[in-house]
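S.K.: Here it is: the structure, laid out below.
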Amino acid sequence: MVRPPSPRPLPPVVLMLLLLLPPSPLPLAAGDPLPTESRLMNSCLQARRKCQADPICSAAYHHLDSCTSSISTPLPSEEPSVPADCLEAAQQLRNSSLIGCMCHRRMKNQVACLDIYWTVHRARSLGNYELDVSPYEDTVTSKPWKMNLSKLNMLKPDSDLCLKFAMLCTLNDKCDRLRKAYGEACSGPHCQRHVCLKQLLTFFEKAAEPHAQGLLLCPCAPNDRGCGERRRNTIAPSCALPPVAPNCLELRRLCFSDPLCRSRLVDFQTHCHPMDILGTCATEQSRCLRAYLGLIGTAMTPNFVSNVNTSVALSCTCRGSGNLQEECEQLEGFFSHNPCLTEAIAAKMRFHSQLFYQDWPHPTFAVMAHQNENRALRSQPWVPSLFSCTLPLILLLSLW
């Protein structure tokens with residue numbers, strides 16, 4: 001009987017790198033479903049059903065629901081006026097499972113979940129508007145992204161990376177179908193903006209994250225205006241953005257009237273909040289980018305401002321803001337002068353460049369995007385070489 005060959009031991013250098021790599025969450029299997037309410041720790045839909053089983057909780061929720069539908073949503077600079085009976089109903093809900101309930105951006109019945117969240121939100125704050133509390137509970141797992149770069153041989157060797165990422169989307173059935181849907185909705189001289197935004201929202205919500213991020217955050221050479229134009233036109237700005245820039249505060253007021261837009265804006269301000277001038281995010285860079293892409297398709301859709309750089313901004317102005325000029329500029333600057341967002345975009349573009357400028361051992365492979373989530377580690381002299389070898393190491397282990 002022939003004895004099967006013993007598995008080859010990993011080289012010492014690979015073992016050393018494995019010990020140095022930071023821990024990362026286990027990836028989802030290829031067939032794992034999108035998160036559902038049953039996978040959330042405390043879904044607002046589940047919490048609402050529990051509340052309905054309790055007469056006191058159910059009555060308080062119904063009363064609070066009528067309160068929130070009759071009271072306009074306050075802006076952060078405004079003091080909301082809340083009737084005493086509404087505050088009493090909110091007080092009765094403080095010990096219920098509704099307090100602290102969460103939603104997920106890819107869950108079924110997401111809008112219904114968010115409606116519940118914002119109904120009880122007043123119970124959490126007792127009248128004080130909490131802009132920095134995101135309604136979303138995000139899982140940190142991610143899937144390996146399988147790519148076959150050999151299929152890009154049909155493109156010219158000097159094709160820009162935005163064109164290559166567009167081709168990768170075309171070669172993926174789901175990405176291609178979703179991209180064509182918003183392309184059709186957002187094209188033509190008589191396109192309907194609300195239909196275009198809906199299809200854009202669907203694309204960035206349902207397309208695989210690496211495909212969506214690759215299309216929108218593809219790196220371009222500084223002098224390649226054609227690549228920059230292709231990147232800027234990814235979201236079809238001629239249809240998706242307002243023809244005349246509105247006031248930024250009015251744009252936010254419109255966003256606050258929609259539970260989905262309001263949730264996405266709060267999520268963005270939660271995860272892309274800059275902690276310092278160096279670009280340190282309040283949370284991981286990957287969460288900031290996910291929150292940023294979550295705004296596309298809402299009233300607060302941002303975009304690149306030109307074809308020659310990676311600066312982003314809202315399509316609005318602060319002219320005519322009166323005594324709220326400072327507040328308006330602060331809102332606008334959260335997009336155009338946000339070091340956390342700027343660094344997160346730059347880091348993702350560097351990663352995308354690395355994908356196409358490395359000599360991979362095999363044309364077809366699965367790759368995991370290991371974002372540099374800990375800026376403190378980056379100050380250590382050994383970290384750049386460690387992170388630069390993370391991707392080849394993953395491929396080496398998969399082929400070992």
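Any Cβ shown, glycine's included, is placed from N, Cα and C.
Per TrEMBL, the feature signal peptide maps to 1-31. The domain 'GDNF/GAS1' annotation in TrEMBL covers 44-125, 162-239, 248-340.
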S.K.: For the domain 'GDNF/GAS1' (162-239), provide the mean pLDDT of the predicted model.
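M.R.: Mean pLDDT across the domain 'GDNF/GAS1' (162-239) comes out at 94.
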S.K.: Within the domain 'GDNF/GAS1' (162-239), how many residues are helix, strand or coil going by DSSP?
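M.R.: Counting residues by DSSP class gives 58 helix, 0 strand, 20 coil.
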S.K.: Could you give me the DSSP helix, strand and coil counts for the domain 'GDNF/GAS1' (248-340)?
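M.R.: Result for the domain 'GDNF/GAS1' (248-340), in helix, strand, coil order: 49 helix, 11 strand, 33 coil.
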